Each structure stands twice: as structure tokens, then as C-alpha cells.
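Taken from TrEMBL, the feature compositional bias 'Low complexity' applies to 47-63. Summarising the annotation, TrEMBL assigns region 'Disordered' to 47-74. Summarising the annotation, TrEMBL assigns domain 'CS' to 114-203. Feature annotation from TrEMBL assigns transmembrane segment to 264-285, 305-322, 329-350, 356-376, 396-419, 439-458.
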Amino acid sequence: MVMTASRSITFRGYFLPGPAIGSAPGLRDAGSAYIPLTPPLPTLQPCPAAQAQNPGRRGWTRGSRSRRGGARTPEPRCQFLQLRWLSSCCGGLDFPAAPARPLRSPAAAMQNQVLTPHVYWAQRHREVYLRVELSDVQHPDISITENVLHFKAHGHGAKGDNVYEFHLEFLEPVKPQLTHKLTQRQVNLTVQKKENHWWERLTKQEKRPLFLAPDFDRWLDESDAEMELKAKEEERINKIRMESRVPNDSFANLKRGYLFMYNLVQFLGFSWIFVNMTVRLFILGKEDQQGLDSFYDTFHTMADMMYFCQMLAVVEIINALLRVTRSPVIPTLIQFFGRNVILFVVIGSLEEMQSKAVVFFVFYLWSAIEIFRYPFYMLACIDIEWKLLTWIRYSIWIPLYPLGCLAEAISVIQSIPVFSETGKFSFMLPYPLNITVKFSFFLQIYLIMLFLGLFVNFRHLYKQRRRRYGPRKRKTN
């Protein structure tokens, strides 16, 4: 209730004594009344009527009590809020409202806030790598002034499509020129150091910025970075040495033309053999009564072309010796002499061997290998690579070389009894030994060398295939 005489205020058993409203300084009637904030609030005292109804309740307001049991006094925490509370209790007093704070929209707050992207860094002795996690960046503003990197770009980052920027002051001096590469998902920066040494940290300030983190995809310790630097330096020195050893070849075009023509001739020769033998086997063989004539007359129909191709193969040895090609000399010699021993000695010198079926398999396997090898070299002379042909050239030898070696071994085994009976190429040692040395003895030794030569060639071809299609070591950037 509100008392008109004394203008005291009673609320929940408490009353606030005071002078009349008209005489109270700064206190006016309801509707236009106000109470100033500067004077302290009067002390709240218990209401006698409330104490009579509730004898056990003291009814003091929240305040401070003296140690001797004195009356509580309100704490001067916020006089304005206490006056508002009195106004709500009385209902007849009006106090000034709290000043309203201006509200800003989220969009306006986002515009005033500086957005920084996530930046990852790594270093080497000569350069610093930075990776900015921003996608769809176009025309970024990147510069280095007074050893401070300034970056500003519009892209899609952690806060959506916005303008992101950051500044980094490097620990040590860097070159003002930098290179950057834009990808769909990030921006890669490379900064060159002025002095080639390892940094303790990236920034001059000891405390790392919140948006900066190590790039563990490129991160290396100082010892690992030194090893990588030494390896690159050795590779550079070796490259310079190799370039200094190789003289300027003014006959490169002439050499290419010569190798192209040689491989073309060999390809045409072996293709003629392979196609003729295939046609005779699958077409003409069906018209024969027994269907086996194409096996037994292979030598008489294909020998001339095979002689030509195998004799022309001596050019490959000359090319390897003169370093016209990069082919190793020993595998080339093994293949050349191995085939010519079979062709000219084992088969060509014995009429009994010329009509055997093993001749067909020897010629057919030889030509099947060469019709893929020579066109590969021919296209390489004009810097053309056909991936299918390349794969066949480095893979077809896996089944065909062992089969060819097996066919050659069978022909040698079949010729040993013939050489022993005829005594062909046998000779007698001079006096006093007088021992006849049969040629079949050398053929038995040749059988052992045949399989050793197969191992050497197989190993060489396997290394070539591994260099081309083998697993490659991942480089650490």
C-alpha cells in the first residue's frame, strides 16, 4: 500500500519511511515521478504488522549486518536496479529506463571482422613452403614488404565465401620475390630465404598465431632436410658431369635415320616370316593329307629370309660397341651368337635336322618376339610411343624367351647323335695325343651355356621392364 501522509512504502512486510512526496527532493507524483541515482537508498526497516503476523521472521532486506547484530543495510551494488525493483513494487513511481544498446546484424558484424584462413607451413634450408586452405581462389593479392607477408583473397574457407587475409612477419630476412600456385582446393606459396640455414620458428613473434600450423605432408626435421639437400646437390653434380662427358652430337638426325631404316628392314623381314608361317599353318595345312607338311618344310621355305635377318643382326653388336645405341654389349653378343649357332651350325649344316618339326617352333618363336621389338625401336627413333606396343615389348618375352630357349635346346639334343654318327666338324689332336674330339662334345657344353645365356638375357630384360613399369619411390617435397 502507499500511505499519503508519510508517503511510506510497504511491500511484503517491509515499509520504507520517508517524507511526503511533495517535500521529498527529486521525488514527484506517479506518472512524472523520478528518484535520482546519486543519493543512497534509505534503510529498509521491518513492518510492525508483518512482524505480528510472522513473529519468527525478521523480514530484513538483503544487505550487510554488523558483527554486533546491528540492522542490515542494503548493499550499494546497483542503485538503479534497486530503484526499478521499488517502482515495480509500488506501481506508482516511474524511474528512467536503462539506456538501450545499439544492436548490430550478424552480416554487419561479419563484415567488420577480419577473417583469417588456415595456413600450414614447412621449411627447407633454402625456402619456406606455405599452404593456404582456400578453395576457388582467383587473383589473390600476395606481396612481401619489409619482411612481412601480406595475403588477401576471396575464396571459400572455414567461414564460407568471404574475403580472407593474414599477415606474417618472418623470423629471418627473405627475398621479396615469391612464387604461388593456385589449385582448386588451396594456394601454395614458396618463399626463398636470403640465408641458407634452419629457422627455429616461422614468425618473429614467439607466440604462434592461431591460424598457423605445421604442414606434416612436407615437414622434415633438420637432419632429414640436410640429407635431402645433400642428395639433390649430388644429383646436380652428377648431371653436370654427365652432360660434360657427352659431346654435342651434330649427326643426331643422321643417326636417327640410320637406326630407323635398320629397324624397319628387320621388322619387315621377321614379319614376312611370321605371316607366311602362320598362313601355312592355319590355311594350307588343312589342305594337306596329314596336315603336317607346314612343319617339316619350314626350313626350305623360310631359311633364306632367316639367314638374311640373322646376318644383318651383326649391326646391333657394332652399334653397341660404338655407343650408337644404349644396348649392353654382352646380352647382344649372347643373343647374336646363340641364334647363329642354331641356325647355321645345328640346322643349316645338317640335312637331317632341316626336315624336323622343331625348326618350325624355333623360327616361329624368334619371329614372334622380333615383330614387336623392332617396331618399338623404330617408333622410338622418331619420338613416338604407342603404349600398347610398349607394354607388349616389355612383356612378351616373359613366355616367349623360355619357350624359344627350350626349342633351341631340343634342336641341339636332336643334332648330337647326328654329329656323332657323321663325325661332321670333328677333328683329331696332333701327335702324340692322337685323340679325336667330336663336335658333339662342344654341343653338350653349348647346352650348359645356352641356359646361362638365358639367365643373363632374362635378367637384363627384367631390369628394363622394372625401370619402365616397376614401383617408383615417392619424392618428398
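We number each residue from 1, going along the chain as drawn.
Every residue, even glycine, has its Cβ placed from backbone N, Cα and C.
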Structural state census, the domain 'CS' (114-203) (DSSP three-state): 0 helix, 56 strand, 34 coil
Stretch-level contact, the transmembrane segment (439-458) and the transmembrane segment (329-350), CB cutoff 8 A, at least 3 pairs: yes
Cβ contacts under 8 Å made by the transmembrane segment (396-419) with residues that lie 6+ beyond its boundaries: 338, 342, 346-347, 350, 352-353, 356, 358-359, 361-362, 365-366, 368-369, 372, 425-426, 438-440, 443-444, 446-447, 450-451, 454, 457-458, 461
